[in-house]
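Below you'll find the structure, written out as structure tokens, and then a few comments.
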Number of protein chains: 4
Amino acid sequence: MINVGVLGATGAVGQRFVQLLASHPWFNLQTLTASERSAGKNYRDAVNWRLDEPFPDSVGDIVVSKTDVDSVKGLDIVFSALPADLATNLETDISRAGVAVCSNASSHRMDKNVPLVVPEVNPDHLGLIDLQRDSGNDGFIVTNPNCSTITMVSALNPIQHRGLSDIRVATMQAISGAGFEGISAMSIYDNVIPYIGSEEKKMEAETLKIMGSFDGSVITNAPFSISASCHRVPVIDGHTMAIWVDTKASVEELKNDFRNYKAPFTGLPTQPEKSVLLFEQEDRPQPRLDRNRGRGMTVSVGRIREGVRFIAMGHNTIRGAAGASVLNAELIVSKKYL
Amino acid sequence: MINVGVLGATGAVGQRFVQLLASHPWFNLQTLTASERSAGKNYRDAVNWRLDEPFPDSVGDIVVSKTDVDSVKGLDIVFSALPADLATNLETDISRAGVAVCSNASSHRMDKNVPLVVPEVNPDHLGLIDLQRDSGNDGFIVTNPNCSTITMVSALNPIQHRGLSDIRVATMQAISGAGFEGISAMSIYDNVIPYIGSEEKKMEAETLKIMGSFDGSVITNAPFSISASCHRVPVIDGHTMAIWVDTKASVEELKNDFRNYKAPFTGLPTQPEKSVLLFEQEDRPQPRLDRNRGRGMTVSVGRIREGVRFIAMGHNTIRGAAGASVLNAELIVSKKYL
Amino acid sequence: MINVGVLGATGAVGQRFVQLLASHPWFNLQTLTASERSAGKNYRDAVNWRLDEPFPDSVGDIVVSKTDVDSVKGLDIVFSALPADLATNLETDISRAGVAVCSNASSHRMDKNVPLVVPEVNPDHLGLIDLQRDSGNDGFIVTNPNCSTITMVSALNPIQHRGLSDIRVATMQAISGAGFEGISAMSIYDNVIPYIGSEEKKMEAETLKIMGSFDGSVITNAPFSISASCHRVPVIDGHTMAIWVDTKASVEELKNDFRNYKAPFTGLPTQPEKSVLLFEQEDRPQPRLDRNRGRGMTVSVGRIREGVRFIAMGHNTIRGAAGASVLNAELIVSKKYL
Amino acid sequence: MINVGVLGATGAVGQRFVQLLASHPWFNLQTLTASERSAGKNYRDAVNWRLDEPFPDSVGDIVVSKTDVDSVKGLDIVFSALPADLATNLETDISRAGVAVCSNASSHRMDKNVPLVVPEVNPDHLGLIDLQRDSGNDGFIVTNPNCSTITMVSALNPIQHRGLSDIRVATMQAISGAGFEGISAMSIYDNVIPYIGSEEKKMEAETLKIMGSFDGSVITNAPFSISASCHRVPVIDGHTMAIWVDTKASVEELKNDFRNYKAPFTGLPTQPEKSVLLFEQEDRPQPRLDRNRGRGMTVSVGRIREGVRFIAMGHNTIRGAAGASVLNAELIVSKKYL
């Protein structure tokens, strides 16, 4: 068994990590960290469990540690659900202490030597781990992208080989993306907020890196442009987005690409049966009905139309955050980086 | 005073017509029609009033008529809130009976000789009325566009002179656009429905006609392409949309266009102080906070960004339906077509 | 294996039946009926699956039958998700054809010889089956109560032995209780509807029957009064209710009753680990967080206060409808009525 | 003109005060206070205006003051929208400085010499002002009750003369009652929270004081018991409640009481045409449709049934907070306490 921990285990993404790791077949969840206020309590008492999935009793008695290097030293992998301002230095320090960090934080995503990985899309980017290890320690940082980026690149991946350019994306993002307390009910109920701080820049920059090519030493950005417009809507979980791509392929060819798509690996525990699922009905996918497909790890696409326009939708705190990070860790293990 | 009536006065758009006309300074609301079931009752008893604005007592005693030609013969103007299948023949018959029809129905919007008008955008298209009258009767049909089209063309109008091309629009449309009973709560609560039947085609075709040029005999479509992706979100009133346009103008030039924009007429009773309002805050406009500006007749825009991308939002049953039709009627009167 | 079918298998409760029965360890789901429009199609094509749980592929190829006696003759048990107007005669006819009917419809709940059963509360009422069989056929009807009644009687059951009187209940009921199309979004969004047709009468009459005593031939109503006020709130699933009871027991005694409560049977497949779960936190139970406990079969209670007042909450389409009926069938089988 | 100010003018209740006072016929709004962070800015820039009513431009240039005694000294009346912890000492200090304080804060509501007033219910309780003045200064404090209390006592007032006892009330309260940032969207969307801190105690204690009798020196509590159960539901504005009362009066007598009810005064500017409005339809009142009646000052009642049970609903931030306080001030002026 591989010993793992979660940094920031009481927040919205932290609880998802715990849910996914509590009975994981490869990973032994040993350490949960949180703020000073929670440290020393049993996780059961420290957390206000707010997922609809039941609380995993098996980890209820873990004593919560402070969020620092000492708490996780000796673990094989640590998953980070930290806010970016805390993550920046601490993730570096933890990796230097010899621990593999699989991070959902944005701090290091764009660092030159840090892989920004969606397993189905750019598993070869894990090669950057070797460059991080050149500095002589065993630890490293691997990041997953922003929740809206993951859904988009997962949906573009099966058709990237057709040649894509001039991508536009308008998102309709769920409330949970801002954490349990991030958005007040008075702000979003019966409303749309047409702005999510720095989200558009993240979607644009991260997508170019992820879909870029890696020659063993550097990543060259993907050769297309992206223009994003990001909006919050009153939905609990599930980011929906309208995507336009310029391509010479026909709608029917693209549909077949989606229908025939297979992930480039099998056997990872968190991997869904279908990483990308094409809907043929004209009114799908829909977040409430489709976000839990593949236990929240399937990205759904539909309405492939002339233009070319289509809809993509994915669960933002599972496929778009904690599940993404856990799948990265499984890929890291299966590729023997650990 | 000009005597007017409303066809289909008990539905969602019909109630808006009644609200706007009950104390109109130019129009004397005389006739309200509805289905056979309601005919013969006082409007007060026939209608299940569901607007938050209070029921206008002054029209409560009007006896509801059947929806047919005889009920409205002799009126000066009739406003149509009929569904398209009923509107097609009936609106033609009513206009042939000498009545001016201001219609919110989609049936005749794309007819060659029928003006499809947003007063601020293409008032000159009313010239088509003369062509309808060539056939010898006094009546005519003037239509307003679909609710989402109105918001978009209103927002494009102040910047059209810059030269626009390659327009993309992703809408986040309100529930009321489908009528009081159109969408079940189980369908849309905590959800996005990424499909609205025939809405995308309407937005594309109607916009090209409205923004096209009229040479006195025919309308030539506007010389740009539009690609729409339409989505329903859990909002009561107010359609929000993300719009991309290709233009050589800078973001600052466009902002100034919006700031300096003035409607090409004054003095119409339903006209708002500002037809288009530019927000400078980065998170506006928002439907719940901004839909009632200008008594629901103001289209709000914001977030003009490189790309060029921006947000537009308008009240779909006032500016986008009943209010649009009433403003058309006021323009018709002020231009002496009646 | 026991062969079963579902009457009305495409609606909201029908889909819940299918979800619960598709992989049931005792029941072999053979027959699914629906309206003429759907008959003859594969269930996969006939149904618009709208639960968040994935569609059960194993039953996708069942050819949908018409809803009549012939379609279900020969089955051991048929579950009825029919509307009351259809259920009245058809359920009687089916039972006379020798089939056991476990019905969620309201038609026969108050019939003198028909058991109205919540397994944990009044399993002995199944004795009425013998009286139905006196008429000489093997079939019979067993009903489960209305969704709001089930939650209330489940919550009262552990404390009934204390002596209860003068019960008041104010419900906050979920949208799904009215079926997929029952309530329009314009009606309930940002709103409360303080009326649910005939719900208050059902809660009052059904509770007295269920909590009444059975002497082997007739049921005597429970000796207390109930006054209900029923309201619809914008919640997808899960009926919450505030209950007052007059009792001499102390709050602490009642809490202990809830803590120590055990169902009077074990081993039924649909039975949750805990039929009734007491929350100690002051702000629970909550429908979104707690409705799926015990796979939707647990009734949650909390906030036991002087008064005596408390909160009860249960999943209305699982514990309150389809799951209730399946659990009834399991009880029937375990008690060898079949 | 009477010079007035608002303490805490940027919050949810503070904005309502500003909306109601900006163009008030008797009151001249001179002073707006807020936290240090806002002090010194124009109100226009200090406030994030979040009501759907448009921002009142006439007060946009008022320079925001710090929330202290000096800022309001010399005013005739100050309205307090402060949180209770700030209000306790500051309101006392301001009244001692000779200013009349009309407070929406809970701090002094239960003070022996402080009137807790709903003008239609207990205008005579203003007599306590004289007792406050015994201490020799001109200032005084008058409070209005909690938002849910106001709706209930307003609804009980027309029938109190029938003799009432054993009151039970279950509330379904709106989100805005907790302020703009009080409740996260993740907490309340698709959910009910069956707990509002100290709300039940407030409803019980405040109602007994308001409906109590005043003999010129002390208030004797009303001679009945009240038991409240308070719940938050996903509604923006408008508290709905189910109320039970024991009374010998018949349902028809009570309906007539409501129909014939008239406020004990006329001519106050904020007073609605009808303080209490009886709905005859079985599904009303509803918060979204009825909260704005009487510009938010009308309390709606309906569904008077055997039991006796009925529904009451009022706008919580207008009738239940700022509007209540302004109406108190108008009563104070009309009764010449100033």
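Placement of Cβ uses the backbone N, Cα and C atoms for every residue, glycine included.
Since the structure is predicted, the reported quantities are computational estimates derived from the model, not experimental observations.
Taken verbatim from TrEMBL:
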DOMAIN    D:3-129  domain 'Semialdehyde dehydrogenase NAD-binding'
ACT_SITE  D:C147  active site, acyl-thioester intermediate
ACT_SITE  D:H239  active site, proton acceptor
Give me the mean pLDDT over the domain 'Semialdehyde dehydrogenase NAD-binding' (D:3-129), rounded to a whole number. 96
Cβ atoms near the residue listed as 'active site, acyl-thioester intermediate' (within 10 Å, other residues, all chains): 27
Tally of helix, strand and coil residues over the domain 'Semialdehyde dehydrogenase NAD-binding' (D:3-129) according to DSSP? 41 helix, 26 strand, 60 coil
Near the Cβ of the residue listed as 'active site, proton acceptor', how many other Cβ atoms are there if near means within 10 Å? 33
Expressed to the nearest Å, what is the distance separating the residue listed as 'active site, proton acceptor' and D:C147 (active site, acyl-thioester intermediate) at their Cα atoms? 8
